[in-house]
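Single-structure report; data block below.
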Amino acid sequence: SQYSAVDTNPLSVYIMQPIWNKIINIVPLWIAPNLLTFSGFVMILVNYFLISFYDWDYTASGTSPGLVPTWVWLFSAFTTFCAYALDSIDGKHARRTQSSTPLGELFDHGLDSWATSIFVLSFFSVCSRDNGKTGVSVYTMYIYLSIVLFNFMCSHWEKYNTGVLFLPWGYDISQVVLIAAYLLTGAVGVEVWQKPFLFGYYITDALVVLLIGFSLFLSFPQTLYNIHRAHLKKTLKNDSLYEVLLPLVSPLLLFILLTVWVVLSPGNILAKQPRLFLWMVGVAFSNVICKVIICQMSSTRPELFHWFLFPLALVVYAAISGLLGWMEEAVLAVFTALVTAAHVHYGVCVGRQLSEHLNIYIFSLKKRIQE
């Protein structure tokens, strides 16, 4: 199906697009668009692991400000801007080199579905976890991440039903806010997040309120409205309510299982290993949403239960029933490694299948020779 996306965000249309149109002219024509997409993703990963190295348990900013060197925050601003730029020009570059393919679309959205959680997890290091005085509790982090992923899911659920990707306003705004936050942290130090900034409220409080406000009162109603409008215009891809709602079943079950683990964990797993747990949430979500994106692109029906829900349900049951006992953290670590490996393997396989099917290379504009 022909790719169509709508962007109505004034920030994007009037400020960012003109900047991207300038940047795109520097990109040599022999570079494959997927290489741009992938480079941006690699930068996000490098930045994430760098921050993790200095701040594994999200306490550096709160208890020992200055533990994360200033250059790391400036590097974060730089990589976030580069990833944002590369993600914004890859499609333009594909049209410019006449190399737009379903593989490119899947590559772009698939990596975005993973990058979304990594952006959020990197940002948590800025505000640090709750230490009694300042910071954000690990439960707030979990809810925050879930809302961001819910937003991402909504735009692709909408595309699954209407055929049009309505780019959420939150995307450009969040990227600009992230870059500004890293620059501010680099310039002033993490202390800026630990002082009340208005009426005894912290900047982090304002950001949480903004995020929740944006998703629940802007993005989500917009999604429902767009689906409703398509229904009235008789342009909906799916006739029955069952088919309209089908892609939401697995992500919702995923969220329920994870939340049960968070709330009922005897060893309080989220507080003990927030970084591992939240990373696992992001990867699992990305895999579930990639299936929806593929179904939407190939006009196939998603399965009711994603395979991943079964091992997760087993692990959650073993954890909350006390079967795992002191091994809960070790099991989470192994499980997280397996889920990450499975997700990478899945991405590589789908990429290779599509590149063979479409007779193209993933990272080069040269055509494959027909065998």
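Including glycine, each Cβ sits where the backbone N, Cα and C put it.
Annotation comment: TrEMBL describes 26-50 (among others) as transmembrane segment. Within its own chain, the transmembrane segment (26-50) is flanked in space by residues 72, 75-76, 79-80, 82-87, 89-91, 93-94, 96-97, 99-100, 103-104, 107-108, 111, 114-115, 118-119, 121-122, 361-365, which lie at least six positions past its ends and keep a Cβ under 8 Å from the stretch.
According to TrEMBL, the feature transmembrane segment maps to 70-86 (among others).
Residues or ranges marked as transmembrane segment by TrEMBL: 136-154 (among others). Beyond its flanks by at least six residues, the transmembrane segment (136-154) meets 58, 112-113, 116-117, 120-121, 124, 127-130, 168, 170, 204, 208, 211-212, 214-216, 219-220, 223, 248, 251, 255, 259, 262, 270-271, 274, 277-278, 281-282, 285, 289, 292 of its own chain at Cβ-Cβ distances under 8 Å.
The transmembrane segment annotation in TrEMBL covers 166-187 (among others).
The annotation transmembrane segment is assigned in TrEMBL to 199-220 (among others).
Sequence annotations record features per position, and here TrEMBL assigns transmembrane segment to 241-264 (among others).
Taken from TrEMBL, the feature transmembrane segment covers 276-294 (among others).
The annotation transmembrane segment is assigned in TrEMBL to 306-324 (among others).
Here the transmembrane segment (330-348) has Cβ contacts under 8 Å with residues 110, 114, 269, 273, 276-277, 279-280, 283-284, 286-287, 290, 308, 311, 315, 318-319, 324 of the same chain, all six or more residues outside its ends. Residues or ranges marked as transmembrane segment by TrEMBL: 330-348 (among others).
Between the transmembrane segment (241-264) and the transmembrane segment (70-86), the number of CB pairs under 8 angstroms, six or more residues apart, is fewer than three, so the stretches are not in contact. Within the same chain, residues 19-20, 23, 36-37, 39-41, 43-44, 46-47, 50-51, 54, 115, 119, 122, 126, 175, 178-179, 182-183, 185-186, 189 sit at least 6 positions outside the transmembrane segment (70-86) and bring their C-beta atoms closer than 8 Å to a C-beta of that stretch.
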